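Enquirer: Shown below is the structure under consideration.
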Amino acid sequence: MLAAASDHDPAAPDRDAAARASPLREPITPIGPAPDADPAKLALGERLFADPRLSGNGRRSCMSCHDLSTNGATGNRLDTALDGTTTLPLNTGTVFNAALAFRLNWEGAYRTFESQVEASFVNPLVMGTTMDAVVARLDADPDMVGRFRAAYGRGPDAASLLDALATFLRSLVTPGSRFDRWLAGESGVLTAREVEGYRLFKQLGCIACHQGAAVGANMFQRHGIFRPLASPEPAVVRVPSLRNVVATAPYFHDGSAPTLADAVRRMGVAQLDHRLDDGQVSAIVDFLGTLTGEYRNRRVEPPP
């Protein structure tokens, strides 16, 4: 049963009331806290994430395409490759809540952050380097060597480099969304319009692929079931998470949907064989806006 909703703007959270409220049982579940991690490894991973020495040309870091001050990605349809002219074949996904996914990247090619990061290092379009070259550059920096020794008891090597980055990536969860507070029992935190959008989201069948803590990212699906949705390849994709989705335009694996309303409307036709009217699209978009969480007590926002 849906909790009662209010038509006024959501108020500041009442933590005491939330603690007394009864949690709701829904197909979508709240995001939990980040896993416990060794502080030295976590700090090292964060430092490496922003270090351009991890790329072949010394000018690109992980942060270049995964901006943690905004949406964990970029606002580009397709990002530029390392050479500065070629475009990457697929839209860049956010790293926020990637730890909740059962597979990584659009094609679900990787089961672990370590394997995905290593593949990014050696991909000539992405980081364009080798593990040995990255380790050598880090090993030439006495400060970085000291940080590795503090975290791992040894200087930089491939295993510790990948582990530090994976440790940091697993920390990039964004709890605290209004929807999660509603799930926890804060009945007045959503408007009636947002609750109606969630009802439609379930009734129309969106929930079949978008549920769980990540609101997706836990299965593969063929796109264009009834009508074409986006670029035909890859034909099967890992379903994307809808967490923070209002901040991650453009949408789809080819970045071809410029707005969330456009994406919702196209999904209705292509995946559900249902032409949504403007009111339905608006209500679902309103609901999706409640899935925006916080990173380090700051709301996830789109790039300026």
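Each residue, glycine too, has its Cβ placed from N, Cα and C.
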Enquirer: Per TrEMBL, which of 1-37, 38-74, 75-111, 223-259 is region 'Disordered'?
Expert: 1-37
Enquirer: Determine which of M144, M267 appears in TrEMBL for the same heme c 2 site as C206, C209, H210.
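Expert: Same heme c 2 site in TrEMBL: M267.
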Enquirer: Expressed to the nearest Å, what is the distance separating C209 (heme c 2 binding site) and H66 (heme c 1 binding site) at their Cα atoms?
Expert: 25
Enquirer: Can you give me the Cα-Cα distance between M267 (heme c 2 binding site) and H66 (heme c 1 binding site) in Å, rounded to a whole number?
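Expert: Cα to Cα, M267 (heme c 2 binding site) and H66 (heme c 1 binding site) are separated by 26 Å.
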Enquirer: Return the member of C62, C65, H66 nearest to H210 (heme c 2 binding site) in space, with distance defined Cα to Cα and candidates limited to these binding-site residues.
Expert: H66
Enquirer: Measure the Cβ-based neighbour count of H210 (heme c 2 binding site), defined as the other Cβ atoms within 10 Å of its Cβ.
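Expert: Its Cβ has 26 other Cβ atoms within 10 Å.
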Enquirer: For the recorded heme c 2 site, enumerate neighbouring residues of the same chain (Cβ within 8 Å of the Cβ centroid of C206, C209, H210, M267, site residues themselves excluded), in sequence order.
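Expert: Near the heme c 2 site, beyond C206, C209, H210, M267, sit F201, G205, I207, A208, G216, V239, L242, Q271.
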Enquirer: So how far apart do the heme c 2 binders C206, C209, H210, M267 get, largest Cα to Cα in Å?
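Expert: Across C206, C209, H210, M267, the two farthest Cα atoms sit 12 Å apart.
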Enquirer: When neighbour density is defined as the number of other C-beta atoms within 10 angstroms of a residue's C-beta, which of the binding-site residues C62, C65, C206 has the lowest density?
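Expert: Among the binding-site residues C62, C65, C206, the sparsest Cβ neighbourhood within 10 Å belongs to C65.
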